[in-house]
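K.L.:
Annotations for this protein, taken from TrEMBL, read as follows:
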BINDING   E134, D165, Q191, E239  divalent metal cation binding site
DOMAIN    294-409  domain 'VOC'
DOMAIN    435-580  domain 'VOC'
BINDING   H438, H512, E588  Mg(2+) binding site
REGION    613-632  region 'Disordered'
Amino acid sequence: MRTSIATVCLSGTLEEKMHAAAAAGFDGIEVFEQDLVVSPSSPERIRDLAAELGLGLDLYQPFRDAEGVGPELVPAVLRRAAAKFRLMNRLGTDTVLVCSNVATATVDDDAVAARQLRALGDLAGEHGVRLAYEALAWGRYVDDFEHAQRIVELADHPSVGTCLDSFHILSRGWDPAPIERIPAEKIFFVQLADAPLLSMDVLSWSRHHRVFPGEGDFDMVGFMTRLVRSGYDGPVSLEIFNDAFRQADVRRTAVDGLRSLRWLEDQTLRALAGQPVRDRLELQALPAVAEPAGYDFVEIRTARLGETTRLLHQLGFALGGHHQSKEHVQVWVQGPVRVVVVDAVREAVPGASPTEIAALGFTVEDPEAAVDRATRLRARPVERTQGPGEQVLRGVHAPDGTEIFFCRASPDGVPPWLGEFGADDVLDPAALVTGVDHVNMAQPWQHYDEAVLFYTSVLALEAQPAQDVPGPSGLVRSQVMRSADGAVRMPLNVAPAAAEQGSFVGAAYPEHVALACSDVVAAARRARRRGLAPLPVPQNYYEDLVARFDLDEAFVASLQELDLLYDRDTGGEFLHFYTGTLGTVFFEVVERRGGYAGFGAPNAPVRLAAQYRRSHEPGARQRSPRGAASPQ
Ligand SMILES: O=C(O)c1ccc(O)c(O)c1
Ligand SMILES: [Mg+2]
């Protein structure tokens, strides 16, 4: 599949956008007129640069307000078009996007629109140029792709064809099925954009909230299967208007975009499996990987080793051992949960937070295939050294810099790498902690969508609907990524901007590891005996609990004594408590009773408020943000 990206998706100058698109591996770009107009580079220079970079200039756009106009406007449209076609000749671009008229259309008559496109087609033909007519979702008279296609048919001109844009089709709820019946040679161009489902006017939705395929809620795979069946084999191009993308690192956004197309190709192939198609689009498959079966380990890197290991002890962990060759690495174990602790003072990682979740290990069937898939999705491999005979852990960097490792499952539940810590018989079936319930990861706002796609495509997790949690510094957007069987759950949070500016908790926004527990009351009592001061929960919360759930007051008093929080859904109950925060890390201990499916979201504001208070107490430690992640 020929991959392309519109320059409007990316930040920076036209030249920076072109370099980033080429480096990410795109075959071509759509040149947005605005990017060229503001550039000091001549069209010839841009053409040469594209050739040097091996990029095709697949489309020039947009040409607006061309059809459905009164006769008095036609000469001006043709004059404007002739200038653009000459420019396209200098650029060496042969296709221009003509979007349906928004501003100047006064004639609601397909025959008139078709006649005007035909005249434009004649002029285009003289310049060796083709017109790809696109129905904008908010076009004055033409706002759906089937209507645009009827006008193209009426125009009946070799230089006039259709441009399909998934946003304009799916945002309006149009059925994409008729795409299959459009003659492939009349589809001149295809643009892809996904978007979250929002209820707002479609123009604002399109101009601010488009995201790459896989990052939103549209059925992009369904769209692609229709396109494949049409027999189309031209460029498939990303056209994303997004406020965050316009501010993000251009190279990262380009890689994110290419990842979305590679993932979509693979998903589309799977959706089409076994069905007869004219597969002229030549979709590439990725190595198939099963979703992870669970968390193999959590790694915390800390400059506060004593405080971190004390906290682990309070939560019931025991030292599993020191690494045989890496002196600064220990493992702490409780039942099937393993927390690797890296002494950051000895390791001296530049830019690292004083205490952070540095890595997550996931148990997978085939680590080699998982790494192969991840690197084809343009994830950057992690380089780690091993001593002779030591296990080789393979992993990649997540968008926020966290290292994601793919670990082989072992039949007895004790991972082979544990032997390197001299710990091989540490599975205690009587442990209170029974697993990692979830790991909550904070994402920088510019890379939130990228993170959703990363975990969807690389780890085969599914994004659940997003929620907003109110906190003292702003709303925290939270979206759970989970494996189909729920064995891996990872809520992603995007912190309010205040966290970055340092007014929330020192600087970076905290993340946490939630431990599943068979008896949270016993775990809370043990932690207190060992000196833990849990995150305090206010009296008002408990009064509200009684009112909301009609709970027995003695039960609520027992919760209050231990600073336990409570929630209930139709499946069951949820009891949990939080530790204080070290660096950017804290722990939660949770007990699910019955089939409770949530994460205690109604209690998250209580936590945020308590953390805010603690971090603003005199003497609260400053934290530095996670080191700026580099392009993947
Ligand atoms: O928002 C717009 O005006 C606009 C312009 C060109 C496009 O291809 C498009 O999808 C939208
Ligand atoms: Mg478009």
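Backbone N, Cα and C atoms are what each Cβ position is placed from, and that goes for glycine too.
A quick note: this is a predicted structure, and the numbers were derived from the prediction, not measured.
Mind mapping these onto the model and telling me what they sit next to?
P.N.:
Q191 (divalent metal cation binding site) carries a strand DSSP state (E or B). Around Q191 (divalent metal cation binding site), the same-chain residues at least 6 positions away in sequence with a Cβ under 8 Å from its Cβ are A6, E30, E134, C163, L164, D165, S166, F167, S237, L238, E239.
For the domain 'VOC' (435-580), the predicted model reports an average pLDDT of 90.
In the three-state DSSP classification, H512 (Mg(2+) binding site) falls within a strand.
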K.L.:
Among the binding-site residues E134, D165, E239, E588, whose Cβ has the fewest other Cβ atoms within 10 Å?
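P.N.:
E588, out of the binding-site residues E134, D165, E239, E588, has the fewest neighbouring Cβ atoms within 10 Å.
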K.L.:
Once the chains shown are all counted, how many other Cβ atoms turn up within 10 Å of the Cβ of H438 (Mg(2+) binding site)?
P.N.:
23
K.L.:
What does the DSSP secondary structure composition of the domain 'VOC' (294-409) look like, as residue counts for helix, strand and coil?
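P.N.:
Grouping H, G, I as helix and E, B as strand yields 24 helix, 48 strand, 44 coil.
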K.L.:
Taking a cut-off of under 6 Å between Cβ and any atom of ligand 1, tell me which of the binding-site residues D165, H438, H512, E588 pass.
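P.N.:
Among D165, H438, H512, E588, near ligand 1: D165.
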K.L.:
Where does E239 (divalent metal cation binding site) sit in DSSP terms: helix, strand, or coil?
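P.N.:
Assignment for E239 (divalent metal cation binding site) reads coil.
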K.L.:
List the binding-site residues Q191, E239, H438, E588 whose Cβ sits under 6 Å from any atom of ligand 2, in sequence order.
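P.N.:
Listed by sequence, the hits are Q191, E239.
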K.L.:
Translate the DSSP assignment of E588 (Mg(2+) binding site) into the three-state scheme.
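P.N.:
Once the DSSP labels are grouped into three classes, E588 (Mg(2+) binding site) ends up as strand.
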